[in-house]
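A quick write-up on the structure given underneath.
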Amino acid sequence: MEGRRFDSVLSYGKLEYWRGLSKSMGSFSSPIGNISGSGDSTINDRDKTIENWSDRSSYSCPNVDYLFGVMDILGLVSDDTFFVRDGSGDTYSIYFDVESQIFEIDNDSSFLSELESSFSSYQNSRFGPKDDNRDYYCYMYDTKYSWNTHINSCIDSYLRSEISIDSYISSSSDYYNDSYIYTFIFSESVNDSESGSSGIKTITNDHDSNIREKSNDNDFDINKKYRHLWVQCENCYGLNYKKFFQSKMNICEQCGYHLKMSSSDRIELSIDPGTWDPMDEDMVSIDPIEFHSEEEPYKDRLDSYQRKTGLTEAVQTGVGQLNGIPVAIGVMDFQFMGGSMGSVVGEKITRLIEYATNRSLPVIMVCASGGARMQEGSLSLMQMAKISSVSYDYQSNQKLFYVSILTSPTTGGVTASFGMLGDIIIAEPNAYIAFAGKRVIEQTLNKTVPEGSQAAEYLFHKGLFDLIVPRNPLKSVLSEFFQLHGFFPLNSNSKH
């Protein structure tokens, strides 16, 4: 634990804030959160640099942002003791620990009361009643309850507002990508074992220069420690708060990009609660060709992915209800060996289609795969023909309904077989769909593959599939398709 000095002045009913750091860490002359000003004063000049909030109309950030700004995020997530001076000249020691949810002031409630009073008066003047303004919780602490109990949720709300809502971040993607919070959470040491340190790029007050500084081992530990709180978008590199990410269907709040979903999340999204009945869960691969690998044996790799994902194979199959309509569904999981199709994956899908044929159920296949599994050689390639054969009987002979959903990525043997055999083929927005990957084509043919030529939007205009459907309305779209083809809910109380 380290001590840091904070000088705060409470005057005219408003909280003002200034941070002084040791010379080794640099100093900030303007209130933290102001990213448009500049200056280079030291602690001794604090009386000159502290201003009233009423004089800061030119600043772009909300007033409350001066208490904790993006540049001070390291202080928020550290286990530190702060020293604070109020307007009366009294000093207090504050212990702040996010992980343990502790916010303590040393045996004196006067400063805490004054601080709460300042926030309370400010929130009423700026936001009005909390019930009338949805931004209330983004910036303000809840003074009705214990600070110690709610400090964690307050920090959650603050970080979410800084990352997702503040206009000065969302309005400039260049500055956003280089912002302190972005690099703090996602920077990794390339040669950590050799150097023991990593570089962190910070954005300075003038928005024009980047300061390169070395983080110590403690900073790197914090980086890994809090990275689990965020999900980075593959498209815009924006940060999405993980606590709300699943409820958003893994769709980026910044740009609307559809990120990868696990098979379990997709089942939860598509199947009515309490109706899922999995099939062939105990079926596992056994290394049929004794694949030789100098790095990691095939069996060990399977065990590793089984522990990591909680799955036995790269596909989950079963039956359930979709808005009350009984369906057979198979969902591939890219997190398990890239969703590769081996003999077990092929067998589980084959059995699913045979079961649906006997029960006259519609079939949904959600594809997310890198293709055939190389560790099983020609046995994995045989699965293409086996699934296609049983699918032919299901569709052509039994006249039943098969819907294929292509997600990112869908490539290789899956694309060349059951992925493209659906009566209706649906793709997710921005999905990567191909037989051979871009790098393979370029290295094989020595030709450049145009950017975006394997994206769902481009392929849709070439007639490769029927429609592109976002995740939000997907369940209702499938329900309409099934009813159009004569599959109806089991009872009248089911959702249409």
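Cβ coordinates come from backbone N, Cα and C, glycine included.
For CYS252 (Zn(2+) binding site), the same-chain residues lying six or more positions away in sequence with a CB closer than 8 A to its CB are CYS233, ASN235, CYS236, GLY238, ASN240, HIS258, LEU259. The feature Zn(2+) binding site is assigned by Swiss-Prot to CYS233, CYS236, CYS252, CYS255, with sequence analysis given as support.
What Swiss-Prot records for 229-496 is domain 'CoA carboxyltransferase N-terminal', and it gives sequence analysis as the kind of evidence.
Residues or ranges marked as zinc finger by Swiss-Prot on the basis of sequence analysis: 233-255. In the zinc finger (233-255), helix, strand and coil residues by DSSP number 7 helix, 4 strand, 12 coil.
Cβ contacts within 10 Å of CYS233 (Zn(2+) binding site), excluding its own Cβ and spanning all protein chains shown: 17. The Cβ neighbour count for CYS236 (Zn(2+) binding site), using a 10 Å radius over every protein chain in view, is 15. Surrounding the centroid of the Cβ atoms of CYS233, CYS236, CYS252, CYS255, where the record places Zn(2+), the chain contributes additional residues within 8 Å, namely GLU234, ASN235, TYR237, GLY238, ASN240, GLU253, GLN254, GLY256, TYR257.
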